[in-house]
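**Q** This is the feature table in TrEMBL:
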- 1-22: region 'Disordered' (REGION)
- 11-22: compositional bias 'Basic residues' (COMPBIAS)
- 66-126: domain 'P-type ATPase N-terminal' (DOMAIN)
- 121-143: transmembrane segment (TRANSMEM)
- 327-346: transmembrane segment (TRANSMEM)
- 352-372: transmembrane segment (TRANSMEM)
- D412: active site, 4-aspartylphosphate intermediate (ACT_SITE)
- D412, K413, T414, E523, F565, K589, R618, T698, G699, D700, R780, K786, N809, D810: ATP binding site (BINDING)
- D412, T414, D806, D810: Mg(2+) binding site (BINDING)
- 833-1060: domain 'P-type ATPase C-terminal' (DOMAIN)
- 867-887: transmembrane segment (TRANSMEM)
- 893-915: transmembrane segment (TRANSMEM)
- 945-965: transmembrane segment (TRANSMEM)
- 971-992: transmembrane segment (TRANSMEM)
- 999-1019: transmembrane segment (TRANSMEM)
- 1025-1051: transmembrane segment (TRANSMEM)
Amino acid sequence: MTDSIPLQPVRRPKRHDSKHRNGMISTESLKMNCLNIPLPSAFSCCPWSRCCGMGDFRPRTVWLGHPEKREQRYPKNVINNQKYNFFSFLPGVLFNQFKYFFNLYFLLLACSQFVEELRLGALYTYWVPLGLVLIITIMREAIEEIRCYLRDKEVNSQIYSKLSTRGTVKVKSSGIQVGDLIIVEKVCQCVFVSHHSCCLLLTGSCFLRTDQLDGETDWKLRLPVACTQRLPTASDLLQIRSYVYAEEPNIDIHNFIGTFTREDGDPPVNESLSIENTLWASTVVASGTVVGVVIYTGKELRSVMNTSNPRHKVGLFDLEVNCLTKVLFGALVVVSLVMVALQHFAGRWYLQIFRFLLLFSHIVPISLRVNLDMGKMVFSWMIKKDLKIPGTVVRASTIPEQLGRISYLLTDKTGTLTQNEMVFRRLHLGTVAYGMDSMDEVQSHVFSAYTQVRKSSTSTQKAPAATKVRKTISSRVHEAVKAIALVHNVTPVYESNGVTDQAEAEQHYEDTCRVYQASSPDEVSLVQWTESVGLTLVGRDQSSMQLRTPTGQILNFTILQIFPFTYESKRMGIIVRDESTGEITFYMKGADVVMAGIVQYNDWLEEECGNMAREGLRVLVVSKKSLTEEQYQDFEARYVQAKLSVHDRSLKVATVIESLEMEMELLCLTGVEDQLQTDVRPTLEILRNAGIKVWMLTGDKLETATCTAKNAHLITRSQDIHIFRQVTTRGEAHLELNAFRRKHDCALVISGDSLEVCLKYYEYEFMELACQCPAVVCCRCTPTQKAQIVRLLQERTGKLTCAVGDGGNDVSMIQEADCGVGVEGKEGKQASLAADFSVTQFKHLGRLLMVHGRNSYKRSAALSQFVIHRSLCISTMQAVFSSVFYFASVPLYQGFLIIGYSTIYTMFPVFSLVLDKDVKSEVAMLYPELYKDLLKGRPLSFKTFLIWVLISIYQGSIIMYGALLLFDSEFVHVVAISFTSLILTELLMVALTVQTWHWLMIVGELLSLACYIASLVFLHEFIDIYFITTVPFLWKVTTITLVSCLPLYILKYLRRRFSPPSYSKLTT
């Protein structure tokens, strides 16, 4: 059966660190493909697992239906993604805030005011700003915790059916245990022990899809245990004495080793179990109902073990701001020491140092973190409300500015770049080709072939030499269509549609009730195409196949042998006997690289395969070979003997099959297209022009991945492709890397196995070469490998990465990347819920990065630098004031003035910078080259920081010295002149910084000015009300403000005039 409940990280950001590796695991319900029935969710293991003896993975013996007989303790089937509980919430939030230097610094400042010798003013001047920061943080964490609790509760309360001695009982997902017999319309990681009303009831088999686990979208056949399949009813499973011995949990999703033992048999029955008897979590059952015994739960699930733990993501911008605050703190310490040194360290100089540290504490602005956090919330709101990218969800509101600096984009293929819908596009017979617009001709050829079947059979009996006569186009088309309709692993399944029940539909081959299931979506598209041209697959079991002709006649074929497709052989074959004529025919289809040496000589195969591949089509070569009864009997005898071999079985079987694969008749080429998502090509073009390198990481096959990369123009037509050959040893990897090194401007295609060898021996060399490629395609990647590639890119390049995916197998990659984007698609919402950002279509990624990412980064940079400028201005004024008055540690502004300065007087205009933009969104999308400028981090650098520091020092000095020079008699006039000039300067500087005015900016400017003027009535303690109404006050303030701002306006004009930025050329 399956891993218990599919993995779904419901809550991912900021929830875990390295200390919680064995902690919480999040999950989601999946849906069954055909019935749309939800499967169970995944579980998180108990946080105290190691203490309870669950630290080591061991093999286990699981008794059917008797979980109480367990030999060891297993993880509970619950999820708990909450970071805190009721009692630890407040202490935990406070600890996480104050473990960082920035917040701890302000806490110590506020606490120092309880010491009388260090007090500089009212307590509220320090505690109110700090309290505001903490309240906002606590409210945000509380909201996230409540949402997480509700999600966990919903998943843990889902109801499932369990077989027990009391019959079928309902049990919550949190109550499922290892050993339980679960009726799988909802699934846990189990061995597939029985089924009822399954999609292929007669053969005892079932199809499932593993795209959530490994990225492969093909349907895989799973078989039940033989001895339990023969039981009359499901309840008999509880009457037999049997158990399963299963290997220890591991990350290998492609293999399983175990045994099934029935002790009450005579003699006891032992059966070996393999991957064919299992259904892992995060897989989808086609239809019907199965019963299984739960083998693994919690952290022992294959899907969970292949998923890395989510990490706490801190944006590069936040790290840069943190670095700047450390520089500012260093400046604070230096200024304080200089002030004390100029006093010649007189008296209790150590206390004076602390007083100056408090006095100049505004150099490190406490409002910086609040402004940036609120700005990020606004950016996230703008993303969600953008009508041009509907359905976009921001799940990590702390890193929107990361989207503006992406250098590497790593994307999944199936469901992300493609729609996972195969469409038949081309049939090529060598001399004639049929496209979508000429399929009616194929249909007429097939119809004529079967309406004249009697005449054809008669003429064949009279003229046996007719086989040497050149075949007509009609007969060639008929043979090609017939071959395509027979050489596959597709099974038609009939389901009730509300009008016709299942049994009746299966009996009469009802077209409206038929659904095709197969090991590959390519095969389904081929069979659907043969149905559209008149030859319909209506029935199939392990030994026979039925086709319906355009005239309604049923053709019966006996399946003698099937040779399934493998990654190594790149082809599949089938031997069938036509029941009406007794003819035995060997049909084969496969990739052109292997079929070219199998079919008879021709002069068009290679050229036409190349032409179709360049169109982005998946090409298959179809051939046939007629066998006599004697030839087949001889082959069968040798084939059976080879399969009984103990040594070199695979080699001997392949040799026998290859004896048939000679001089086969080439029938046709087929071209199938995996339809791309809407506007994938222009989106990838935008990303390339923006300087972003795109890597495609997929679990699909190499040929499929390469075709999709070409079709999506991830690899342009002018680029060479280097397909990294399969390597298994260090020497082979060394030779292949050297061969790759000699190529330039070449796209790389590599398989997961070869990638693993290269990273094991030549990690640095491989990554160096791969990073130089314009595009990289990694196929057959496991979820762990995807995350490893992301991690290596981050470590080797130091650049920001963005991972995009839509399935459960993409969760690790998404969580590892600096920015994770989930696409809501047919594969469920696992990736979407695990991601930092969720979109509904891949094409929305272009606007998300080019517009919102770019704006968020530039706005955050402007906002942070302006907040620093605001604080440095007042700190410079304090320094000038103290130096003039004999380096006294006396505050220039006290009480409400100091609080109002960074809040109601300047908060609205400064914060309105989050609405600023240099170009319109349409221009940003039209010229993605503008995005390149951000990759160097120029909007926030030490250069720009130093410029703003110089501006702050200049303006603060002008305002303070101007006030000191122009005041007449009372000191309170200095406060009035300097503070009013400071407020006006800040409002004018916002206007100087703004590039595109928004009406809310004007409102913010006027509101702040109005608040200041209105508050003057209540500030008589600090400002002389009568003085500010006089003309001298007005002209002094005007003069100081003009001197502080006018030179900067002139410099801005000259710069735009003689050295305009790149974006300004696009706005004129």
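Cβ atoms are placed via backbone N, Cα and C, with glycine included.
So where do these features actually land, and what's packed around them?
**A** Sorting the domain 'P-type ATPase N-terminal' (66-126) by DSSP state (H, G, I as helix; E, B as strand; all else coil) yields 31 helix, 1 strand, 29 coil.
Only residues 6 or more beyond the boundaries of the transmembrane segment (121-143), in the same chain, are considered here, and those with a CB under 8 A from a CB of the stretch are 84, 89-90, 93-94, 97, 103, 106-107, 109-110, 113-114, 366-367, 369-370, 373-374, 891, 894-895, 898-899, 902-903.
Sequence-remote contacts of a segment are chain residues at least 6 beyond its ends whose Cβ falls under 8 Å from one of its Cβ atoms, and for the transmembrane segment (352-372) they are 102-103, 105-106, 109, 112-113, 117-118, 120, 129-130, 132-133, 136, 318, 321, 325, 328-329, 331-333, 335-337, 339-340, 343, 860, 863-864, 867-868, 870-872, 874-875, 878-879, 882, 889, 891, 898, 902-903, 907, 910-911.
Summarising the environment of D412 (active site, 4-aspartylphosphate intermediate), the number of other Cβ atoms within 10 Å of its Cβ, over all protein chains shown, is 30.
Tertiary proximity for the transmembrane segment (867-887) is limited to same-chain residues at least six positions away from its ends with a CB under 8 Å from its CB atoms, namely 324, 328, 335, 339-340, 342-343, 356, 359-360, 362-365, 367-368, 371, 893, 898, 901-902, 906, 910, 945, 948-949, 951-953, 955-957, 959-961, 964, 978, 982, 985-986, 989.
A Cβ distance under 8 Å defines the sequence-distant neighbours of the transmembrane segment (971-992), meaning residues of its chain 6+ beyond its ends; these are 866, 869-870, 873-874, 877, 892-893, 897, 901, 905-906, 909-910, 912-913, 955, 959-960, 962-964, 1001, 1005, 1008-1009, 1012, 1022-1024, 1027-1028, 1033, 1036-1037, 1040-1041, 1044-1045, 1048-1049, 1052.
Beyond the ends of the transmembrane segment (999-1019), by six or more residues, the same chain brings 896-897, 900, 904-909, 911-912, 915-916, 980, 983, 987, 990-991, 1025, 1028 to within a C-beta distance below 8 angstroms of the stretch.
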**Q** Go through the recorded positions D412, T414, F565, R618, R780 and tell me which ones have a CA within 10 A of the CA of D810 (Mg(2+) binding site).
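**A** Matched recorded positions: D412, sequence order.
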**Q** Just name the winner among R618, R780 (the binding-site residues) by count of other CB atoms within 10 A of its CB.
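**A** Top count of Cβ atoms within 10 Å goes to R618.
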**Q** Hey, which of the binding-site residues T414, F565, D806, N809, D810 is the loneliest by Cβ count within 10 Å?
**A** F565
**Q** Cα-Cα separation of G699 (ATP binding site) and D806 (Mg(2+) binding site), in Å?
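**A** A Cα-Cα distance of 13 Å.
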**Q** What count of other C-beta atoms do you get within 10 angstroms of the C-beta of G699 (ATP binding site), across all chains shown?
**A** 28
**Q** List which of the binding-site residues F565, R618, R780, D806 have their Cα within 10 Å of the Cα of D412 (active site, 4-aspartylphosphate intermediate), in sequence order.
**A** D806
**Q** Determine, to the nearest whole angstrom, how far the Cα atom of R618 (ATP binding site) is from the Cα atom of D806 (Mg(2+) binding site).
**A** 23
**Q** Rounded to a whole number, how many Å is the Cα of D806 (Mg(2+) binding site) away from the Cα of R780 (ATP binding site)?
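**A** Here the two Cα atoms lie 17 Å apart.
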**Q** Average the pLDDT scores across the domain 'P-type ATPase N-terminal' (66-126) and report the rounded value.
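**A** That region's mean pLDDT is 78.
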